[in-house]
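Undergrad: Checked Swiss-Prot, it gives:
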DISULFID  C2-C16  disulfide bond
DISULFID  C3-C12  disulfide bond
DISULFID  C8-C15  disulfide bond
Amino acid sequence: GCCGAFACRFGCTPCC
């Protein structure tokens, strides 16, 4: 899974 602010910054969506 891709969760966390760092994940969002890496273009991982949707963000948890």
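Please read every residue number as a count from 1 along the shown chain.
Cβ coordinates come from backbone N, Cα and C, glycine included.
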Undergrad: Quick check: in three-state DSSP terms, what is C8 (disulfide bond)?
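TA: Note: C8 (disulfide bond) is helical by DSSP.
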Undergrad: Around the C-beta of C12 (disulfide bond), how many further C-beta atoms are within 10 angstroms, looking at every protein chain?
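TA: Step by step: centre on the Cβ of C12 (disulfide bond), count other Cβ atoms within 10 Å, giving 14.
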